[in-house]
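Asker: Here it is, the structure, as structure tokens.
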Amino acid sequence: MGVVDPKTSQNTSKKRIDRRIYAEHFGPTTGDKVRLADTNLWLEVEYDLTSHIDHQPDIDSVNIGEEVKFGGGKVIRDGMGQSQLLGEQVADTIITNALIVDYSGIYKADIAIKEGRISGIGKAGNPDIQPNVTLPIGAATEIIAGEGKILTAGGIDSHIHFIAPQQCETALMSGVTTMLGGGTGPAEGTLATTCTPGAYHIHSMLKATDAIPMNIGFLGKGNVSLPAPIVEQIEAGAIGLKLHEDWGSTPKAIDNCLSVAEEYDVQVAIHTDTLNESGYLDSTLGAFKDRCIHTFHTEGAGGGHAPDILKAIGETNVLPSSTNPTRPFTINTIDEHLDMLMVCHHLSPAIAEDVAFAESRIRKETIAAEDILQDMGAISMMSSDSQAMGRVGEVIIRTWQTADKMKAQRGHLAPDQSAKTEQSLDNIMLSPTDSDSGNDNFRIKRYLAKYTINPAITHGISDEVGSLELGKWADLVLWSPAFFGVKPDLIIKGGLIAAAPMGDPNASISTPQPVHYRSMFGSFPKTVAQTCITFMSSAAIDKGVDRQLGLEKVIKAVHNIRKVRKQDMKFNSYCPQMEVNPETYEVYADGELLTCEPAEHLPMAQRYFLF
């Protein structure tokens, strides 16, 4: 037995089938377009690794007819698409014919998973009888059918208030597989701020989440003017620090926190001073001293210097994000926010100063501008602000609702020069995204990056998660296109299925009602220990914190953080010169007035949640 000669194989069959029939059997291929849920966003398949020799989208090298598919009378059978290779030579799991949607490209491929990581992306099959097989299938291989499905990396929510452990399940079922933030439960400090303060609480939360099927990292409290209290939190296991105005985000605290972060290579996240008590925006920017920092909800109502926190977006060292309560701007956004804000920040409607504080944060002009800044790639990330005004299960939904609203209001989004340069440097293929192509690939990559690769880069975990690339942790989400972004088909953690919609367990098959999301085998404690990651600082790992606490999850260090700049944000690196009129709240980016109308109707909404 030996590898088949591709030249000989090319002559074995010349039968052709209609493109529609092909898509029904194997999913869309190069040039086909797919609608995302009920939005007006259309992706186009850029190339197809399952049916091209040498992985090139060249019409002269097509090898259609060798696709693999599982099922009765289909390809993946002994002696056909399944080889005789031993387990160590084949993948543990193959996802067949999936449409990968990633910042790195929108393309068709088979995906191999081995020991919890993505071990290959290419062409699966039996190398003894099929040409150009890069991912051998054997008796040790499980198959997940990706035909007609979209595959993405698991989402990353980088703004979590750990108020309730049930958030983790809700987030997982929405397609989020990594949660970064702080908290200790429904204490007032956690209800308002994303801090896990001190070694005792950090250790307690690390132990409490050790059996939860989610990658997790905790932020310590950064609001202190001397280094030692910050150092002890980093060495206790924090992945970084959070500065929050409710604890006092003074220039001294900011400078001190960033100085320690520089020494320990961890990230600092900040919620700036809404009341401008300890200084104005320029005071805060000055305290940054050109050091990289993740500015939480750099937008209209999340909190921060009123009314001009949006100006921070123009700084090259600032890595800005939005939270989802203001995403996108709708006719209900303003009315919803006042009560939410009062509860979240322990304010009283009976105290005039508290009401004034809340009202100062809610400005329709800056919320509207936030939509456009997201679409321009000036705001780099999206997150939830879970149970602290944000909805933990709606990061992905709100991201794509914003993208759809911006297409409706701003039209087609063509690649900008920075994105072309970025893709050239990364050897990423640009699809035809001119106004005549009819696809939204560029906009799709821009918005997908906001909750996948960009928060991973920002927090020093992009070696492990954040994209669908060779060698990364197999945190994957499989979607039916009609339900993309709303209800996943499968959530895969570290190569095992952790959650899925499942019917009555007593039924004769898996589909009878009631169908709802249930935990699968990959979410139970002994498997969580191999499929999920706890992130810590290198200093904590060096001190053996994980061993001292008896943690069972995979432990990984955050790293390569302090040199990150806005230009490193994939598809979201625009640094405009920002101006905010202090009287009218009008927002300008590079001299352009940013304004848009609130949406009256949204996709991915009620029709998906009737039952």
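Cβ from N, Cα, C; glycine included.
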Asker: Per Swiss-Prot, what member of Lys242, Lys252, Lys311 joins His271, His297 in binding Ni(2+) 2 at one site?
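Answerer: Of Lys242, Lys252, Lys311, Lys242 joins His271, His297 in the Ni(2+) 2 site that Swiss-Prot records.
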Asker: If Swiss-Prot gives His159, His161, Lys242 as binding Ni(2+) 1, which of Asp385, Asp404, Asp416, Asp440 does it give for that site as well?
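Answerer: Answer per Swiss-Prot: Asp385.
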Asker: Region 'Disordered' per Swiss-Prot sits at which of 51-74, 315-338, 411-434?
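Answerer: Among 51-74, 315-338, 411-434, the range Swiss-Prot annotates as region 'Disordered' is 411-434.
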Asker: Going by a 10 angstroms cut-off between Cβ atoms, which of the binding-site residues His159, His161, His244 has the sparsest surroundings?
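Answerer: Counting other Cβ atoms within 10 Å of each of the binding-site residues His159, His161, His244, the minimum falls on His244.
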Asker: With an 8 Å cut-off on Cβ distance to the His159, His161, Lys242, Asp385 Cβ center, who else from the chain surrounds the Ni(2+) 1 site?
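Answerer: So the extra residues in range turn out to be Ile160, Gly181, Gly182, Thr193, Thr194, Ala269, His271, Phe296, Thr323, Ser383, Ser384, Ser386, Ala388, Gly390.
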Asker: Hey, what's the Cβ neighbour count for Asp385 (Ni(2+) 1 binding site) at 10 Å?
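Answerer: Asp385 (Ni(2+) 1 binding site): 29 neighbouring Cβ atoms within 10 Å.
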Asker: Quick one: pull the CA-CA distance for Asp385 (Ni(2+) 1 binding site) versus His244 (substrate binding site), whole Å only.
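Answerer: Per the Cα atoms, Asp385 (Ni(2+) 1 binding site) and His244 (substrate binding site) stand 13 Å apart.
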Asker: Provide the number of Cβ atoms within 10 Å of the Cβ of Lys242 (Ni(2+) 1 binding site), excluding the reference atom itself.
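Answerer: Neighbour count, Cβ to Cβ under the 10 Å cut-off: 30.
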